[in-house]
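S.K.: Below you'll find the structure I mean.
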Amino acid sequence: MKWSFRLFTLAGTEVRVHATFLLLLLFVAGDGFLRGQGISAALESILFITTMFACVVLHEFGHVLAARGYGIRTPDITLLPIGGVARLERMPRKPSEELVVAVSGPLVNVIIAAAIYLGFGITAALNPGYNFLKSGGFFEKLMVWNAFMVAFNLIPAFPMDGGRVLRAVFAMFMDYGTATRRAASIGQGLAMLVAVYMLLNATLHPMLLLICFFIFMAAGQEAAGVAQQEATRNMRVRDAMLTDFRTLPPDATLRDGVELLLTGAQQDFPVLDSHGGMQGMLTRHDLISALAEKGPSAPVVEVMRPCPDSTSPGTDLSQALDALNASDCPAMPVLEPGSGRLLGLLTAENVGETLMVHAALMKLRGSS
Ligand SMILES: [Zn+2]
């Protein structure tokens, strides 16, 4: 994630913090200080927030350790102001495994809250007359926070943990794609309902509205991701790559690029050296903006992007698409393994067209 910094590494998983999270700490401290509570109150607020987020990290480690048990790599956890995100290399596809991974996070908070409760019980037994419910102290607040985390995360709004539990349960009775669509619709419906309720009652809570928005977007994204995976299942890069394309030599100018752009439908052009090796990619966007800045006689090598990521024809299409989406190049070169010769280009438009054709043919086969 951009704008995040490594805090420490625990058991092979990096714990990172997003820059906006530090702003939250500053805000809490500043707020306490400005309300005339003094430095010690501000420090206490920071200590409590830090402990709260330590519980968030432990919650994420619950997911991480459960995922590892199924052989899934878990490179990092990132702390955001709205909570933590554990990055799993992939989601477990077996419903029972997803269920365990989803439940393991909130389970950690149940254990923390229970431990604090037990601690209070022992204290009360040793000191008759002690009533922790009236104390309002640090640990009591921490127990309430952990109970809140359990309740909040188990709201069945995909992609929250509760939504994942729901998807896993659905997937036991229907195919994975349909289960995801159902869980995502329920998540989006709940988010809409809460947002509409707030608007009707004119009780706009900015943080809650932000969470609704986040859930709505994330549910849609995850459903689209699964739909893409389902559509590209058993497909390879060679099934969807562009093989009829134009390239530019390293001594080409922007004028040559414009000529290619205007004579065909291709938008991004690989720049190849004299041995056919990939040097970079001239994108339509870069070409147009450089044209105004540098003029048509500027060499393309000054404008091209390095685009170091490449793929091979035999690679799983959905895996290559994830890499394409993560890179800042609109087209990914498909290289012949061994020789490194450029065989094709993988672009989002071409994959989209391939999938449409694929879907139409499936429909034809289904109706005949
Ligand atoms: Zn969780």
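Using the three backbone atoms N, Cα and C, a Cβ is placed for every residue, glycine included.
So TrEMBL has the following annotated:
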TRANSMEM  46-66  transmembrane segment
BINDING   H59, H63, D161  Zn(2+) binding site
ACT_SITE  E60  active site
TRANSMEM  99-122  transmembrane segment
TRANSMEM  142-162  transmembrane segment
TRANSMEM  183-200  transmembrane segment
DOMAIN    241-297  domain 'CBS'
DOMAIN    304-364  domain 'CBS'
S.K.: If you draw a 10 Å sphere around the Cβ of D161 (Zn(2+) binding site), how many other Cβ atoms fall inside it, taking every protein chain shown into account?
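M.R.: Its Cβ has 26 other Cβ atoms within 10 Å.
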S.K.: Per DSSP, how many helix, strand and coil residues does the domain 'CBS' (241-297) have?
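M.R.: Output for the domain 'CBS' (241-297) reads 21 helix, 12 strand, 24 coil.
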S.K.: For the domain 'CBS' (304-364), DSSP counts of helix, strand and coil?
M.R.: 27 helix, 14 strand, 20 coil
S.K.: Whose Cβ lies within 8 Å of the mean position of the Cβ atoms of H59, H63, D161, the Zn(2+) site, other than those residues?
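M.R.: Surrounding the site, in chain order, are E60, G62, G84, A86, A102, S104, G105, P106, V108, N153.
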S.K.: Applying a 10 Å Cβ distance cut-off over all chains shown, what neighbour count does E60 (active site) have?
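M.R.: The answer is 25 other Cβ atoms.
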S.K.: Secondary structure at the residue listed as 'active site' (DSSP, helix/strand/coil)?
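M.R.: The residue listed as 'active site' sits in a helix per DSSP.
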S.K.: Could you list the residues of the same chain, at least six apart in sequence, whose Cβ is under 8 A from the Cβ of H63 (Zn(2+) binding site)?
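M.R.: Set apart from H63 (Zn(2+) binding site) by at least 6 residues yet with Cβ under 8 Å, we have T74, A86, L88, V101, A102, S104, G105.
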S.K.: Rounded to an integer, what is the Cα-Cα distance in Å between E60 (active site) and D161 (Zn(2+) binding site)?
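M.R.: Checking the Cα atoms of E60 (active site) and D161 (Zn(2+) binding site) gives a distance of 11 Å.
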S.K.: Hey, which bits of the same chain come close to the transmembrane segment (46-66), Cβ under 8 Å, at least six residues off its ends?
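M.R.: Residues 10-11, 13, 15, 21, 24-25, 28-29, 74, 77, 79, 83-86, 88, 100-102, 104-109, 112, 138, 141-142, 145-146, 149, 153 contact the transmembrane segment (46-66) from elsewhere in the chain.
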